[in-house]
């Protein structure tokens, strides 16, 4: 009996037990979180256990060190060195293999001219034409069964001008080399193509060029390796459909990492980046986009270097891609299910996949069946008189306390916006923690205040039922979203899991009521509200000498019945579950209770029905209901809390640094934090009113710490810097001033930093800072002149870009007024690889340009030839982007054809000034090398000293990236 008493004391529903269980639950969630984020670092292959994998990793790490020795954007000479190194490594690996072939676009002088939607801005209506000279390196491994659809493995080897490209995309490139080395030794069944492509950063151009190669017809599937962050684990960022997600599930058995929440966020454009996977997907390929995704404030900066990453990160991407490619290369694939997939991993141990369409069907079943079952059980309990109606005050406590918590949260978010809107960039834990504790603390205070004045015994069960109703409404809304998005809202699955588990908990309570003992007379009220018509003077005695009242199992379902103190502490009144009787262990009904309670039946035979129930049946009910609160807790709290916490962490981990990219992103992150914290709080709210004073004191303390950290701590540090975008602009049409543009978030960050630069501080240079769109600030000042060329005389910036008009028949008398106008331009640009031409007419709303021609010089042996590429567009062409490989070829030869105004609007008005058909052409040319020197008059000087000054003198809480495809932009303009 003593052991039984101890056992019952440990498991009964009281404050200490609940608080301890909450502590255990959140401790386990924390340990799982740490395990998930640290485990991959311990799984490096050992030479004695996995010599082949160890060799692949060590070789890849060495390749990465060489590739990332310097900045190597497409616009730099270092880009050619990386290309040549990769070509050498590819030839070394393939050797004399009989089934391997190598194709070098640079050697074959492959180029394309095509019309391109802005890949980084799908909403853009700007019509763009792109000319690109490729230096992709392709390798074909012919499979044993070449008739099977092939697999493409792709990564880009260019970096941005301001980053070494260790994770973007050096790790992807060396992982491809490792995959190539592995598959050379283990010949695949299906054909594999490896695409080491160039110039992903400024238009996804290497991937676009792939489809100009004959080998592109051999591949149906693609594994794209990318870096949109700067380290950590490589995530399955997105995948084509349920079939490809299941292939990942079947292949990546060690350390799988993926979540369809990333996929939904990426497609919803919460992340302003793109990868080559977009191009492959648009061209009908199916596959997997595996990428590094954090931290974004180091992405595209000088800290994207080998110093800020690790072998563990490299091995995670390499091993993931190797498992996936080996499986796809050697197995027949079931690809029938092409609906979008919902997927997630459990701490890197297990990967789960379900079709989003299937999830929608299950949601519909849940939405239809659960209320039917709940209402049915409610009607049964009403019929059996085991359900007691509750006052409106009892029913409104939980939703009103939740609403109050949301209001408090909203007020606090206003304080964040006013005082520290970028706090998420430094550490999203503190604002999320503040939001979370606000909701649960507000709920605790309001519910307990209500219970003090108007006690409610079964608050927990009422809250669980109301939680079920709230989640049913949420699931209805999210299911509608899922359906209307053609099942592409793949990040909503946590709500389905939460709803299912909370529904089971609510149904269990209703089932217990429905199966409860029938009574003819209710002897008490479950909720003794202030508005009761009468009050009960009977006192319930739930336990005497360890014996339980067998006539009230439903009371034990919801609260402790072990001693009088517990009853008073919990505000217990047993009529919620059915009849309430005071039972003496020897004499049944207490005589004094019968004498003083006028509600006691006058006829002794009135309880014959209850007495007729078998002792075995009552014992079984008692055994089931005694610990039901624990079952409810285990259903509602641990699993939903872990899934929701992990989901919120996934979202914030990927998006918290996007607050630096504009006010819209800031409000998005703030909104996600608020909604996420509410969802994290929902599982514990039905129980939290019951916690002990230590728990609620710790909650209040955590809120105070979190709020102070959120509102008062500076958002940027050395490890979490503010990313600022740099460019130096020289507009030749307005002089030779080298105007430095520094773009970053508003908030008095940029100007104080710039004012401390020596060139500004000691020369009284004026800094002009203005607000631009989306909460960004642009600061401009005249900086030091760049030294882009080596020269023996004075550097003349105006000689960097010269425009020659070779032909223009706009004013020719031989041209009919209805005939398109034709002009030819020769751009003389020194040591350059990228220029952009923008076309505009002052007299026409849309660009009148309908045709572009690029005259290309071919240097292939045996003799040079001229190639003409032409593209036409009926809707008009706004922009021509030019990318060439040869630094020594100093000219771009362009042909432009545009319609006169007469053809576009039919207006026959006189043009006395002869200007209505003029075409304005703006030219911008880009240089991206800054970490190198030029020799001017025999002296070595830095190419872009203005950028060097920022790097050297700005506080460590700033990091810098390029604003455009080059760090220096020289502009000019002409009128044709």
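Glycine is treated like the rest: Cβ placed from N, Cα and C.
Predicted, not measured: the structure shown is a model, and the values here were computed from it.
Feature annotations, reproduced from Swiss-Prot:
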type     : residues : note
TRANSMEM : 16-36    : transmembrane segment
ACT_SITE : 200      : active site, proton acceptor
TRANSMEM : 360-380  : transmembrane segment
TRANSMEM : 393-412  : transmembrane segment
TRANSMEM : 429-449  : transmembrane segment
TRANSMEM : 462-482  : transmembrane segment
TRANSMEM : 497-517  : transmembrane segment
REGION   : 528-610  : region 'Disordered'
COMPBIAS : 559-570  : compositional bias 'Low complexity'
COMPBIAS : 582-601  : compositional bias 'Basic and acidic residues'
TRANSMEM : 628-648  : transmembrane segment
TRANSMEM : 669-689  : transmembrane segment
TRANSMEM : 693-713  : transmembrane segment
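Sequence-distant contacts of the transmembrane segment (693-713) (same chain, at least 6 residues past either end, Cβ-Cβ under 8 Å): 19, 22-23, 412, 415-416, 419-420, 423, 426-427, 430-431, 433-434, 437-438, 440-441, 444. By the Cβ criterion (distance under 8 Å, sequence gap of 6 or more), the transmembrane segment (497-517) is counted as touching the transmembrane segment (360-380), at least 3 such pairs being found. Within the same chain, the transmembrane segment (669-689) packs against the transmembrane segment (462-482): three or more Cβ pairs sit under 8 Å, each pair at least 6 residues apart. Remote same-chain residues near the transmembrane segment (429-449) are listed as 397-398, 400-402, 404-406, 408-409, 412-413, 416, 423, 459, 648, 652, 673-674, 676-678, 680-681, 684-685, 688-689, 691, 696, 699-700, 702-703, 705-707, 709-710, 713 (criterion: CB distance under 8 Å, separation of at least six residues from the stretch ends). The transmembrane segment (628-648) makes no contact with the transmembrane segment (393-412), as judged by fewer than three Cβ pairs under 8 Å among residues 6 or more apart in sequence. Scored on C-beta pairs under 8 angstroms, the neighbour of the transmembrane segment (462-482) with the top count among 16-36, 360-380, 393-412 is 360-380. A Cβ distance under 8 Å defines the sequence-distant neighbours of the transmembrane segment (16-36), meaning residues of its chain 6+ beyond its ends; these are 10, 347-348, 630, 633, 637-638, 641-642, 645-646, 649, 684, 687-688, 690-692, 694-695.
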